[in-house]
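Student: Structure provided below as structure tokens; questions to follow.
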């Protein structure tokens, strides 16, 4: 028996071992030990007890019963999810052969586990083998004395608890996996297949009476099916009616009326039957109806008399057509009726007037019905209106009056509903249809309609408003759209609402439509037919068009409500099953056949295919196969190794092998092997891996001038075994290589670039397997030509029209035109911008200023740049006038403390408006009653002298020319000059503790200007010692500052001054308080630990040491000293010694002194130099180096003889002298 490694979402924690229910146990009259059903709370028992031995006897009983009852299925290994009525959910494996109880997460996990196990040939046997083994096991009865299977099954069913039946049923539902027949015609034609309906007419089939009737019914099957029909549930004998025929190789009915006959005679309910030797398939019940478009009854309509402002409904009442006609309103002259919030057509076709106005009688009203099949329009006799009014004159001006109704004497009234009537109504709609709610109200003024849903919002994704908010349409209605909706009609007189209760019903709709089931002999399967609706639909099963109850019995078939279970299917089990589900709102009919096939594996693709792929790509090697039972498929590489699956490989159920990322080592021969119990088939695919095609030097965007040469590079790297093709596209179209272009393997050259060469260029490097693209854009530059032929027309006092002819834009559209002018009075020869216009115009009206002698020119602009200016136009002078403005940017600022300079921006030629432009300057002190001082100035500045310090002034500057003065100027506030501020007031220094010092001050009494800030300078001092000065700058609003002390001993001297833009003013100085005596004493005690004190002591010690060394050297210069007389120190063997026991401090060995330093070139300094030392005499001075250091040795005089015994003529070094002292 096969083994299934059960895996679930819960891992291995829930696995429980139990013996297999095999034939041996049953033969011995016993069943295997029951498994313990492990839940999250303990061991399940049917008595509801957990973890106790009391549950075992009864559990053993039902387990024995299940084991024997499920004997025929003991080779099946699958997983079920059992929902119990207790709060616990238990995962159980009711049927197995391994004794493993796998914990499963849900049905999907169980199904995938089974499907995965079926695909693993190493762990599974074929379905036919299992079926054969099952039949062998069934032959052994369960329990002593049992000779047949049926009684045992019946007994087990009688003794098992109800929940066990449910568990078994759910487990059986997971059996069977349908085989899909490939679309290959050779296989389709070879395999036997029950009939399947492929095409049929709609259920409600409405036909045009002028055409022949066609009722479609087509089916497929092998052998080809035959067809017959029923009409109104009775056999329809086609042969007896000469008008009726059936299309060849089809079941489609054709009813021909060319020789006469009435189509209405053939109305009824038709059903098609497609049959072959394996079963019968049914079409839907097709209701045939003939389209009708009856005429409108003739009637004489009296004029409709209505009072102005009253509501009115014009009823349409169209004749009942099939299908219902489309209604619209027009006048008798075929002009459409204008509809709006006041006048609109309802869904029932009536025309509603919320209130009638006098203008409504200007036309008549005719209802029109358009019939779909006949394409005819029928028109009802027109209504004419007679409106009674208190204002007989139809004044069109009143239509736009803000209170039109009052103006026409129409009384205003609150809204009332015209449709639907009353305050509440109800409406039923079917699921999936559109819900249309409508509220039409009357009232003066015309009411507004708003829609709401009680207890929630309208579904924004499905709801939309129609007919001027009078209708609410909700598309594709579902159950959650049921509820109460209400419409609110309101105007300024009041409001009213109507509630509509919506009930959503549903015709049957599929939850699980039965599908064709193709099985191998001995396999199990199921057909499921689940549908929902409101009310709940009933389900009826049929087989080959007959009710299942009246069909011959089939021991391999069991019906369980909406499911038919097939066990151990055989060739004789083939049939077509129909599921009919219906309620009062409709029905659904589905055909699903059960076909049993016994086919050895076969390959569906060509053999020994060669597949070439690009490196690092994803690829799939297809190996389509077919067989029944469903074969298992394995892939091998190069004829050896294990099955390829996992890691970089993935095998799909359809046989395709996916390689997620191709590498060089993946090249080789791949073999796919399909196996079932009837045999095996294999195919080979040779895979070659190629290097990708890559453009490693791409063309770059370029900007070129006309006439130049451009080269676009495109260098490519590709697999040498593939043929490379390099082509070029221009603007995504193939590029024509003309005589101005040269195409090479790695570049494209364009000679003499022209405007038409501008565009995008794409290099396409392609092989038969892949391609690479690189794009660049070529921009051809060209500035526009200058405009020409300037002309002045429409000459006016303050305007003129300038017209020009545009120049060539040189392949870059002109975006703007700039008009410039030049005047010959203020700045002759200088051009100024006058205005700017879009590039689409070539004529513009220019606004001019008085008293300017204009001359114009035009410049064209595109994206490349500006054209040369056009030639100037003729001159045009405008007449003079008084100024219309005054100078801007008037300011009054002091340059000194006793003056104020008034400045402004002078007016230009276009604002002077006349000759002799001048300025009247006025000033006076602010907030005084002084009279204005004034002066006339020709420039742009004036200085007022002898002013107080920083005093506000009122200033006015007015323009004037020979034609008069400008407008009254605005008053500007200026200030005279600033001075240095006085000292800050009340400067306070507080020392709350030894770490901080707080400073506070007040603003100066006389700021003499705008304060720009404060400057604080402070230095620490201790007696006569003064530290580094620190400077702090503050904003003018700051009046506090805190100083962090560096040490608790020093005091601080603070100097504070205020600043204006002139500079810093008078300063005020304060010192911090002296420290307390106690703190001073404590600080003195700690002075020995201060760093500065230790440094000072070290410096003094060093100076004393240097003085001692200098004194000793002076004392011992030039002599020979008996060391033993000084101190009895033992000599080393290497020490030079004279016979008299004294040391000779000579340098005859030229040894360096201890502690001497080397020179920069690495050599040791000589202890003496004949050239650098001077002779010394009695009492001679010592020599020093250039850096001031003392020379360590003295030399003998040059003329002294070397034979002066053992007396040394050299002075000892200071180091040796120190040693001798030691």
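Any Cβ shown, glycine's included, is placed from N, Cα and C.
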Student: Which residue range, 1048-1069, 1070-1091, 1092-1113, 1114-1135, is the one TrEMBL calls transmembrane segment?
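Tutor: Matching range for transmembrane segment: 1092-1113.
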Student: If I go by TrEMBL, the feature region 'Disordered' sits on one of 1-57, 58-114. Which?
Tutor: 1-57
Student: In TrEMBL, which of the ranges 817-842, 843-868, 869-894, 895-920 has the region 'Disordered' annotation?
Tutor: 869-894
Student: Helix, strand, coil residue numbers for the region 'Disordered' (869-894) per DSSP?
Tutor: 0 helix, 8 strand, 18 coil
Student: In the domain 'Ig-like' (297-384), how many residues does DSSP call helix, how many strand, and how many coil?
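Tutor: Split by secondary structure, the domain 'Ig-like' (297-384) comes out as 5 helix, 32 strand, 51 coil.
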Student: With DSSP, how much of the domain 'Fibronectin type-III' (983-1079) is helix, how much strand and how much coil, in residues?
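Tutor: Counting residues by DSSP class gives 3 helix, 52 strand, 42 coil.
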Student: By DSSP, what is the split of the domain 'Ig-like' (692-774) into helix, strand and coil residues?
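Tutor: Computed counts for the domain 'Ig-like' (692-774) are 3 helix, 42 strand, 38 coil.
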Student: Report the listed stretch (415-503, 508-595, 600-688, 786-881) having the maximum count of Cβ pairs within less than 8 Å of the domain 'Ig-like' (195-291).
Tutor: 508-595
Student: Averaged across the domain 'Fibronectin type-III' (886-979), what pLDDT does the model get? Just tell me the whole number, please.
Tutor: 91
